[in-house]
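Undergrad: Before I ask anything, let me first share the structure, which is written out below as structure tokens.
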């Protein structure tokens, strides 16, 4: 039976009584979720709701990214490359959503933003502890960042713990070592609290896998998944920088940074540098 009078009939078995059942709204705690948007501008500016929702949804996605990257690290700890890459694959899709989401915020014009920006005080996306947590898990660690979160003990403790723990990339190399690959000691014994930097000792092994990928497919696939992960992260950073540029130009950020100039520097930060460096060597 088709639609009559442009109305879809409710099927007889569809549940409508939720007086004693869990509903969609109660499962998702929508009362709490939808009351979490609290504009601070006075009088309330129409476009501030967009600004809040943009950042709140980003935080929700970052929560899932952190959940999946930690699960991937745990899978590497158990030498389960396939399960780890399943988590990474999901993260890659989330990253694409996060990057495209900047196009929504880009509808906020410089004039509109300037009308409520002063009400934000020193609050800034730079203070997103989940974003820093993801960076730490991926290996871009910076102990100095913890100072930003001294007033938030839970965030400070989380970042302190992640700073001291091996990154996803560290766990991967440990996994390969246990599986019999000749991973150099410099990769296995490094200071995991430091930001990851290029380790040329790894290049021969990486090149070997690329040039013999049929015999080492799981590791080869992992290399390419990591490259995707980093590229997606850099595309997000670039869209962030460009959105800020079109919205506030070269003004300083609300949190005290130089703004666009500071964001541009993030484009030089890397997670898996050997996987790009090896491309120069392949085929030589």
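Glycine is no exception: its Cβ is also placed from the backbone N, Cα and C atoms.
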Undergrad: Check Swiss-Prot for me: it has 51, 52, 53, 54, 55, 113, 117 binding substrate, so pick out which one of 254, 270, 280 it puts in that same site.
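TA: Record check against Swiss-Prot: substrate site with 51, 52, 53, 54, 55, 113, 117, extra candidate from 254, 270, 280 is 254.
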Undergrad: Substrate site residues 51, 52, 53, 54, 55, 113, 117, 254: biggest Cα-Cα distance, Å?
TA: 18
Undergrad: Can you grab the distance from residue 53 (substrate binding site) over to residue 240 (heme binding site)? Cα atoms, rounded to a whole Å.
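TA: Approximately 16 Å lies between the Cα of residue 53 (substrate binding site) and that of residue 240 (heme binding site).
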